[in-house]
């Protein structure tokens, strides 16, 4: 049975329910228009969703059909349609039922959703709080690490700044070194060119020297020829019946002298080889002294002049040789002087070949018994010592006022302001000694000197003050200054040095006039005694040779 109810309408039953399992809302709607006498009418109510979908509802209770919606559309409208009942033809769809739809209650759903969201947010807030605490701890840890890193960063920045400063300094020094290297390369190139030129000139001089050697060989051949003629004259001399006993005795004496001279000649040959080796050594040293190339050019010009002079002397010797030949022819007719003159000529020829033109090396200056050389290339005191030693010399050691004046004039004439001396107190402050370790025999310091100002340990000539021009000062040994080298003077072989002169004792007795001639042939003169010291020296020479001072003459050769 069907009982109609005019108060039929559609409504929302209660609030929405939340399902934590599915995380969705469930909402119940109901639709009723009449009551059935039956407990469960066989009808289906048709619902239309906001999206147009159709849903059927058969759940009936107390005159209403119910529909459970899973995840309803919030704010959406749901429409209910009740089909006509087969038992009643007066009940039509929508008849007397103008409230056949319902709008889902969005407020209740939003409240539930807000509650859920707050609950969820609380849970998440708890998790976030724990995370924040962890993050705070990590943040503190990171801050500590950041502070440590900042300190390291500041330290690195300071080191970087320091490295930048060092880099800039090194860059500047590098540029300076590059400039100096470029300058040195240019100077080296210039020196090499000058060295090549000097080598060429040296080769030319060697060629001329070889030429002179050939000429010397010719002179030796002439000498041998004269010797042969002398032997021939000896044979003729034996045939002379009128020769007296005195000439025979003199002849024996001359033979002994010839034997002695031959021995001396062998000795001189050995000395000559030694001198040649020394000369080669000096040539090597000259190559090392590149800084003196400019000065050596001038000296080479002097050598060329000396070479021309030697050539002239060779020509002179040739002329004298011809003259001697003429004299030999003349002496053939002079029986009494024949043997003596031939012996004298042979001895003269040997002595002429032994004379050295200078007892100081080339470009050195003689004073007293020493040779001096001014080196204009400035260097340290220690290097000056080494340079002098390479030339078989030493830094000048001044022993007297005369030597001091000589060295001062040499330095002054070169236009120099300062020059190193062989004197220092490197071993003990205030105790100036020679390089040999001996105290100096003579000093001439400027007033209030030496004063060791700034570690000054080496003696220097300082001719820059008119009132103290020839006095000494002390200076720092590592400063670069010119210097003067000193070495012992050398006489020709078989000659003896005394002061500035060379002396030779001739044991072959002859007349005063012949002695003059013989000395002149050796570019010397008969000894001229000027002082008590020279007189004592000559006397001792005669005495050591076993000669008699009252009937013996001397040859003196002075090299100025």
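Glycine is treated like the rest: Cβ placed from N, Cα and C.
As the structure is a computational prediction, the values presented were derived from the model and not from experiment.
Lifted from TrEMBL, the feature list:
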type: DOMAIN; residues: 367-486; note: domain 'C-type lectin'
type: REGION; residues: 187-249; note: region 'Disordered'
type: REGION; residues: 262-287; note: region 'Disordered'
The region 'Disordered' (262-287) - residue tally per DSSP class, helix then strand then coil: 26 helix, 0 strand, 0 coil
Message: Restricting to the domain 'C-type lectin' (367-486), what is the model's mean pLDDT?
response: 89
- prompt: Where DSSP helix means H, G or I and strand means E or B, what are the helix, strand and coil counts for the region 'Disordered' (187-249)?
  reply: 58 helix, 0 strand, 5 coil
Counts by DSSP class (helix H/G/I, strand E/B, coil) across the domain 'C-type lectin' (367-486): 26 helix, 35 strand, 59 coil
